[in-house]
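Annotated features, as they stand in Swiss-Prot:
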- 13-19, 41-43, ARG306, 332-334, 415-417: GTP binding site (BINDING)
- ASP14, GLU15, GLY16, LYS17, ASN39, ALA40, GLY41, HIS42, THR130, ARG144, GLN225, THR240, ARG304: IMP binding site (BINDING)
- ASP14, GLY41: Mg(2+) binding site (BINDING)
- ASP14: active site, proton acceptor (ACT_SITE)
- HIS42: active site, proton donor (ACT_SITE)
- ALA300, THR301, THR302, GLY303, ARG304, PRO305, ARG306: substrate binding site (BINDING)
Amino acid sequence: MGKNVVILGTQWGDEGKGKIVDLLTEEVAAVARFQGGHNAGHTLVIDGQKTVLHLIPSGILRSNVACLIGNGVVLAPDALLSEIKTLEDKGVPVRQRLFLSPACPLILPYHKALDLAREERLGSAKIGTTGRGIGPAYEDKVARRGVRLGDLAKPERFAEKLKEIMQYQNFVLEHYYKVAPIDYQKTLDETLKMAEELLPMMADVTDMLHEFRKRDENVLFEGAQGSLLDIDLGTYPYVTSSNTTAGGTATGSGFGPMYLDYVLGITKAYATRVGSGPFPTELFDDVGAYLAKKGNEFGATTGRPRRCGWFDAVALRHAIQINSVSGICLTKLDVLDGLDVVKVCVGYRTADGAEITRPPIDCEAFGEVEPVYEELPGWKESTFGVKRVEDLPKNAQDYIAFLEKQIEAPIDVISTGPDRNETITLRHPFSA
């Protein structure tokens, strides 16, 4: 029997999903993206060679894996073609392996202009977006005025749709944000030119997924960003514009939720966040700087330094619940090597002194809580590259056991380094 496994981040993104997706693609016939856009950044290291992917699923490096981009993904044609060229220059035959849903909304130049103008207008209250037009493209989708990949198959109809929406968006750019409009003819010509390369990769992704299911083949669904950035369930408004939680798998691909067999939550052994928003365990001391330096905490997409903090079991329990997580993959354990003490947030103290064990829904209230910590002894020995749990330092094993108890979920996979073979697998998602 084939299995359908979802991989998603359980924190604020940057949890190390790319490596784990690449590791698990040994078992699959297909990998599918179901939300987000080129604001995602997946860094893969294979035999010491670094590859950063933004739109294309991480399985693209495997010759026997179909890579699908579902309807929930917003597609920037220029970014996708640039990524394809980068991979083709490395000898990867992308166009034979990549399939795009015609229902993908397109990100076009006016979306990026709106994104940048909006962040500029917000000033110190900015969300901290990547400035790549993701949010405005999702807005157009929900407002039912967006253009989709399938529209490019009929150039005359596309030209009419584009003209109508650009009249609206250019009015907003000029008269509200007081910035230069985007040229319609240039946008039309460039997009139709790119369509010549994109349309041959267009396919009914939903139907393909169900064909894999009927043939009892394994499929992996690759999430982007993290659960605490979900548009509905994250730290709103400091969130992304898509559903990053398990529910987005079904709506972003057309693959019903009852067909999903296992949800793997990718979780760092500490916590990081890029951009603005609540982060109760954030560290501003030498330990925070240590984690940032040792963990190389800079965004794969933006290059921005990530905020670093201790492991937050309260936020993670919430993520486990809203995703029906089957098991956790703990990443970057080796970054904690050398610390005398490691802390885990086990509760929050509110502004009025009450202790709570769930994150506040209100973002302002979330930003005011203070973490309640449990301290555990650290370890001096290296965990880097360890492949068996019994070979980990005793204190590292105790840390993992403590986390399991706090989050009320099994830790099935432990990553001890960036390469795919630097992994401890306690329970394999495709055989669980």
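Just so you know, the numbers here start at 1 and follow the chain as drawn.
Each residue, glycine too, has its Cβ placed from N, Cα and C.
Predicted, not measured: the structure shown is a model, and the values here were computed from it.
Checked against ASP14 (IMP binding site), the recorded positions HIS42, PRO305, THR416 differ in C-alpha distance, with HIS42 being the nearest. Of all the binding-site residues in the list GLY16, THR130, GLN225, LEU333, the shortest Cα-Cα distance to PRO305 (substrate binding site) is found for THR130.
Put simply, the two farthest-apart Cα atoms among ASP14, GLU15, GLY16, LYS17, ASN39, ALA40, GLY41, HIS42, THR130, ARG144, GLN225, THR240, ARG304, the recorded binders of IMP, are 34 Å from each other.
The shortest Cα-Cα distance between THR416 (GTP binding site) and any of the binding-site residues ASN39, GLY41, THR130 is the one to GLY41.
In sequence order, GLN225 are the binding-site residues from ASN39, GLN225, ARG304 with a C-alpha within 10 Å of the C-alpha of GLY13 (GTP binding site).
In sequence order, LYS19 are the binding-site residues from LYS19, THR130, ARG304, ARG306 with a C-alpha within 10 Å of the C-alpha of the residue listed as 'active site, proton donor'. Considering only the binding-site residues ASN39, GLN225, ARG304, LYS19 (GTP binding site) has GLN225 as its nearest partner by CA-CA distance. Between the CA atoms of ASN39 (IMP binding site) and GLY16 (GTP binding site) there is a gap of 15 Å, rounded to the nearest whole number. Ranking the binding-site residues GLY13, GLY41 by how many other Cβ atoms lie within 10 angstroms of each Cβ puts GLY41 at the bottom.
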